[in-house]
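*Asks:* Pasting the feature list from TrEMBL:
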{"type": "TRANSMEM", "residues": "A:5-23", "note": "transmembrane segment"}
{"type": "TRANSMEM", "residues": "A:29-49", "note": "transmembrane segment"}
{"type": "TRANSMEM", "residues": "A:56-75", "note": "transmembrane segment"}
{"type": "TRANSMEM", "residues": "A:81-102", "note": "transmembrane segment"}
{"type": "TRANSMEM", "residues": "A:109-129", "note": "transmembrane segment"}
{"type": "TRANSMEM", "residues": "A:160-180", "note": "transmembrane segment"}
{"type": "TRANSMEM", "residues": "A:207-228", "note": "transmembrane segment"}
{"type": "TRANSMEM", "residues": "A:248-272", "note": "transmembrane segment"}
{"type": "TRANSMEM", "residues": "A:284-307", "note": "transmembrane segment"}
């Protein structure tokens, strides 16, 4: 019964999301495009954090390299959009493999510090390697040609691009969900709860962590590939560690215990940001206070707290 | 030759300043088992308070060196009593997240109070000039930073190895329950250690103020440097903080002079190398890391 109600709510949300371009202004089409892309970014982060129990402070490296890969491919090779997205995922997965190789062997504290440091290393490269990355200005001036599959879509139109993003994010989330629900996902959750037990059971914890890290990196790269045409620029800010903080905040805000938590968190985050920045510049201050309160009192996040309460009350 | 001498002195002043800051991070981790993400923000607060005391109130530098860190200590006690107390018993990830929230709050507050522009603090008259050492001219202030770092190093060594307070701190780090059984007020130790770590960060901030321009991003830069220091040296290790700081100082001092096109990358490369061969840092112990 309950799952049916939840599925019905989810279906209504989905229909609402599909209908956004017909019922809302351009402003909200942009807002919802951003929510979807950042939601996917946060969900990929949560595979590492919520499921595997590794707090990464360098997830923006994969998001950023995805957007740089997209920009570089569009500028120099002019591949179709879908193929460029695969390039974004591939570049991010490769980077995640290298960074993950160093990081996953270490525990929580070291892992957090190391991912932060490696993330900033990627930022430093993007900042200093001017001939390829155009330094602090970032890469701009690329345009989307064809979509792929011979489809002729006008990707310059925000409403069309919104639907493309919605489709891709929906498919990617479904794949991520299947991964989380598979036996592989179960092992990841077991690793979060007790890595010693898992290794006593004969499984190589380090390999599982690395695979989770690479998968999360690839999906973050996909999100980055989607954001570059949306922002029309791939800049070092996308690699900076304050960008790594965003999926952390979204995951905590929405709830790390549920698959859709990071998406809910991304929605709250972006809407709150839009609302608060309309009357004060100190959005980060408000964000810090919210995060502190969430960590101390509502560790399960908004969605987690609501769902747990609902499961408890309506038995 | 003179190039090498000045690069060496430059490395030492960067390294010892980093030591002052990173050792605070390491002590807090060693005793309380939390990583204070806001450590760099406290360093920045020390520097900005010194700016206000010196440039706006008109105090001498030495008074600011005493007073600004005390202001940060008061804030640290409040942070410990009203925020961190909720999460000491929880998973270490929660302390990272909470201190990260603090970092956002402090960063934005600094931006609101002092603006996002660059501020400059002049060094005191006594330390303003430069000196001639082995044929190369060295800013007197660099020598002051080196002396300051060495004094704090000696002081910390004495504190931890020769005084009762140091022994209590080490006891609380080893086994807090046992320390409590021995009539040690561990609540007080926890607050004291957190405040002491903040004091070290703030002293670093005041010392750094005349040699670096102040901007609201300075805390973020130093926290990443501090993380690299403790990763290279070993988390929770006192000699490790010194070693890591000197290594990073050398990387900056010589890298900035001889390899300017990749100088932003070098610290991370050094760190990756250490991790490959000594995953828990040069002085770190494998067991608790």
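A Cβ is built for glycine as well, from the same backbone N, Cα and C atoms used for every other residue.
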*Asks:* What stretch of A:56-75, A:207-228, A:248-272, A:284-307 shows the most Cβ pairs under 8 Å to the transmembrane segment (A:81-102)?
*Replies:* A:207-228
*Asks:* Contact between the transmembrane segment (A:29-49) and the transmembrane segment (A:207-228) is defined here as three or more C-beta pairs under 8 Å separated by at least 6 residues; is that satisfied?
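*Replies:* Output yes: the transmembrane segment (A:207-228) sits against the transmembrane segment (A:29-49).
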*Asks:* With contact taken as 3 or more Cβ pairs under 8 angstroms (pairs 6 or more apart in sequence), are the transmembrane segment (A:29-49) and the transmembrane segment (A:284-307) in contact?
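*Replies:* Between the transmembrane segment (A:29-49) and the transmembrane segment (A:284-307), contact is absent.
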*Asks:* What same-chain residues lie close to the transmembrane segment (A:160-180): Cβ under 8 Å, and 6 or more beyond its ends?
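*Replies:* Sequence-distant neighbours of the transmembrane segment (A:160-180): 14, 17-18, 20-21, 29, 32-33, 36-37, 39-40, 43-44, 47, 51, 81, 85, 147, 153-154, 188, 215, 219, 222, 226, 229-230, 259, 263.
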*Asks:* Under an 8 Å Cβ to Cβ limit, what residues of the same chain, 6 or more beyond the ends of the transmembrane segment (A:56-75), are close to it?
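*Replies:* Apart from its flanks, the transmembrane segment (A:56-75) reaches 41, 44-45, 48-49, 83-85, 87-92, 95-96, 99, 103, 111-120, 122-123, 126, 132-133, 138-145, 213, 216-218, 220-225, 227-229, 231, 233-234, 236, 238-241, 243-248.
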*Asks:* For the transmembrane segment (A:5-23), give me same-chain residues lying six or more residues beyond its boundaries with a C-beta closer than 8 angstroms to one of its C-beta atoms, as numbers and ranges.
*Replies:* 29, 32, 36, 158-159, 162-163, 166, 170, 260
*Asks:* Which residues, given as numbers and ranges, are at least 6 beyond the ends of the transmembrane segment (A:248-272) yet have a Cβ under 8 Å from it?
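*Replies:* Here the qualifying positions are 10, 31, 34-36, 38-39, 41-43, 45-46, 49-50, 55, 57, 59, 173, 176-177, 180, 286-287, 290-291, 294-295, 299-305, 307.
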